[in-house]
Amino acid sequence: MGRSISVSFGLLVVFLSLSGTGADQDCLPGWSFYEGHCYKVFNVKKTWEDAEKFCQKQSNGKHLATIEWLGKANFVAELVTLMKLETHVWIGLRVEDKRQQCSSHWTDGSAVSYENVVHNTKCFGLDQKTGYRTWVALRCELAYHFICMSRVPRGA
């Protein structure tokens, strides 16, 4: 009986250590799972456009991260904070029309249903000064770190 409890406890420790790493949700190594998607913050700086292209090249279905509700915003903020970056971080939102209005869609095509915008400019990133919890308008041609997101493959 004592040995059975010891083995069960050992398996529980292994399971808990893998939670959040993506290992138990079929995310690639280094990616983190949340609500059906995998996320990764890249410790390299790129312009908004180059960051989006980089995300797309990682695999089909990958884009700069979309933030569609507060729970996801908090998850992404914590993930970015763990990287201990000292700069803004690109997300997948940018102005796409001449009236300087926000696009109604994220880079992955999903509708914008949650907004946390401070100012209206062309590209948006997470503001380091607020612990990555608010969006800040940034010049698209500046290079910042970025966070990519992908759907977990169906049937995985």
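Note that the numbers count up from 1, one per residue, in the order the chain is shown.
A Cβ is built for glycine as well, from the same backbone N, Cα and C atoms used for every other residue.
Per Swiss-Prot, the residue from CYS38, CYS55 that shares a disulphide bond with CYS27 is CYS38. If you go by Swiss-Prot, CYS123 shares a disulfide bond with CYS140, out of CYS102, CYS140. For CYS148, the disulfide partner named by Swiss-Prot among CYS55, CYS102 is CYS55. If you measure from the Cα atom of CYS123 (disulfide bond) to that of CYS148 (disulfide bond), you get 15 Å. The Cα of CYS38 (disulfide bond) lies closest to that of CYS148, out of the disulfide-bonded residues CYS55, CYS140, CYS148. Mean pLDDT for the domain 'C-type lectin' (34-149) in the predicted structure: 86.
Sequence-distant contacts of CYS55 (disulfide bond), defined by Cβ-Cβ distance under 8 angstroms and a gap of at least six in the same chain, are LYS62, HIS63, LEU64, PHE146, CYS148, MET149. Taken residue by residue with DSSP, CYS55 (disulfide bond) is part of a helix.
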